[in-house]
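**Student:** So TrEMBL lists these for the protein:
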BINDING   Gln169, Tyr170, Arg171, Glu172, Lys173, Asn201, Ser239, Lys268  4-amino-2-methyl-5-(diphosphooxymethyl)pyrimidine binding site
BINDING   Asp202, Asp221  Mg(2+) binding site
DOMAIN    5-127  domain 'ThiD2'
DOMAIN    140-318  domain 'Thiamine phosphate synthase/TenI'
Amino acid sequence: MKIYRLIDANINRVSEGLRILEDIARFVLENKALSKDIREMRHIVRKSFTNHSLLIFRDSQNDIGLNISQNSRLDAKKAVSDLISANFKRVQEGLRSIEEALKILGYFNESKIYEALRFKSYDLEKKFSIRKTLPDTDIYGILGEEFSAGKSNIEITKEMIKANIKIIQYREKNKSKCDKLKDCQAIRKITSVNDVIFIVNDDIDIALAVKADGIHIGQKDMPIEIVKNIASDMIIGLSTHNQKQALEAVEKGADYIGVGPIFNTSTKKNLEKCDGLSFLKWVSENISIPFVAIGGIKESNIATVKKHGGKYFAMISELVGSENIVKKINLIRKKLY
Ligand code: 3NM
């Protein structure tokens, strides 16, 4: 009979996990379809034992797991993404337990229902992922008004989006905090509506204030471990200039790395030394996270960057300095495909 108690405990565990996931889908991700899928799953789990026959086996006060669980710090969560993965794990483990217990009791058909629910939960988990990866795209646009021949960052953002750019970084080295904040608030609105990833360079406070998708930092900025603590749900990009830095970035949990400078450029002050193309080639063969080539990339040399393993190409002056950004991006794409 204790096996029924095990099933009862796991039905509660699974239902509670699903309830948390349903709430995240509804209130955090604001995704109605996902929330509905989870709710349906929860109802199936609950209704498969409708006659409350399992209630008599419930003995949660005497559950030896309760004390352990209440004293444990192992389940401390830092971010919504941690909460999501912990609860999917809980749901999947619970479903597995029920599945096996039902088999012992000879309920093979019922056990299949729980197996199917477990597989469904793997699919749903993929849909839940909070944006932590770069979009599968080509050009990574970076803003900078001092290189834009008079156009504002807002105008440039709109032109980039018209050209189907899927990721835009705000990088201003000389503006006041207040001006940067105003710019970023406006750009966040435009990028959100157009489903474009918005990354802020350097200023974590601004990235957090405007709810950017990510933050990009350099080697001399705040250490990535600290940034990850502060901005745990954000995409974190780190500039790297040699193999050691690239390996360290992966180890410390960067979501992507900048690789450069590929060529000489006057856009960045105090440009780091880098064996551009051969470093990029090495990264393309040895680094498992996304990598963005940067530094002096133009329409005229982008094919060479691609030949050396480039997949994402970041550009400032070549894009923002163009009279017609859409036309420029189309010309660049012709060199890539
Ligand atoms: N970072 P442009 S090179 C911002 O090597 C930046 O990490 C670099 O500008 C790095 O496309 C660079 O105008 C400047 O050359 C890129």
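Cβ atoms here come from the backbone N, Cα and C positions, even for glycine.
Note that the structure is a prediction, hence the values are computed from the model and not measured.
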**Student:** Please report the number of other Cβ atoms within 10 Å of the Cβ of Ser239 (4-amino-2-methyl-5-(diphosphooxymethyl)pyrimidine binding site).
**Tutor:** 24
**Student:** Would you count the other CB atoms within 10 A of the CB of Glu172 (4-amino-2-methyl-5-(diphosphooxymethyl)pyrimidine binding site), including those on all shown protein chains?
**Tutor:** 20
**Student:** What's the CA to CA span in angstrom from Gln169 (4-amino-2-methyl-5-(diphosphooxymethyl)pyrimidine binding site) over to Asp202 (Mg(2+) binding site)?
**Tutor:** 10
**Student:** If the criterion is a C-beta within less than 6 angstroms of any ligand 1 atom, which of the binding-site residues Glu172, Asn201, Asp202, Asp221, Ser239, Lys268 pass it? List them in sequence order.
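**Tutor:** Checking each Cβ against ligand 1, the ones under 6 Å are Ser239, Lys268.
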**Student:** Cβ atoms within 10 Å, counted per site: which of Tyr170, Lys173, Asn201, Asp221 has the most, among these binding-site residues?
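**Tutor:** For the binding-site residues Tyr170, Lys173, Asn201, Asp221, the Cβ with the most other Cβ atoms within 10 Å is Tyr170.
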**Student:** Taking DSSP three-state, what's Gln169 (4-amino-2-methyl-5-(diphosphooxymethyl)pyrimidine binding site) in: helix, strand or coil?
**Tutor:** strand
**Student:** Below 8 Å Cβ to Cβ and six or more residues apart, same chain only. Which residues does that give for Lys268 (4-amino-2-methyl-5-(diphosphooxymethyl)pyrimidine binding site)?
**Tutor:** Pro261, Gly295
**Student:** Could you give the Cα-Cα distance between Asn201 (4-amino-2-methyl-5-(diphosphooxymethyl)pyrimidine binding site) and Asp221 (Mg(2+) binding site), in whole Å?
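**Tutor:** Here the two Cα atoms lie 10 Å apart.
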**Student:** Looking at the domain 'ThiD2' (5-127) alone, can you tell me the average pLDDT?
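**Tutor:** Looking only at the domain 'ThiD2' (5-127), pLDDT averages out to 81.
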**Student:** What kind of secondary structure is Asn201 (4-amino-2-methyl-5-(diphosphooxymethyl)pyrimidine binding site) part of, going by DSSP in three states?
**Tutor:** strand
**Student:** Using a 10 Å radius around its CB, how many other CB atoms surround Asp202 (Mg(2+) binding site)?
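**Tutor:** Other Cβ atoms within 10 Å of Asp202 (Mg(2+) binding site): 18.
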**Student:** On the Cα atoms of Gln169, Tyr170, Arg171, Glu172, Lys173, Asn201, Ser239, Lys268, which are listed as binding 4-amino-2-methyl-5-(diphosphooxymethyl)pyrimidine, what is the maximum pairwise distance in Å?
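**Tutor:** That value is 16 Å for the farthest Cα pair.
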**Student:** What are the non-local neighbours of Arg171 (4-amino-2-methyl-5-(diphosphooxymethyl)pyrimidine binding site), defined as same-chain residues 6+ apart in sequence with CB under 8 A from its CB?
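**Tutor:** Counting only residues 6 or more apart in sequence, the Cβ neighbours of Arg171 (4-amino-2-methyl-5-(diphosphooxymethyl)pyrimidine binding site) under 8 Å are Ile142, Leu143, Gly144, Asn201, Asp202, His216, Ile316.
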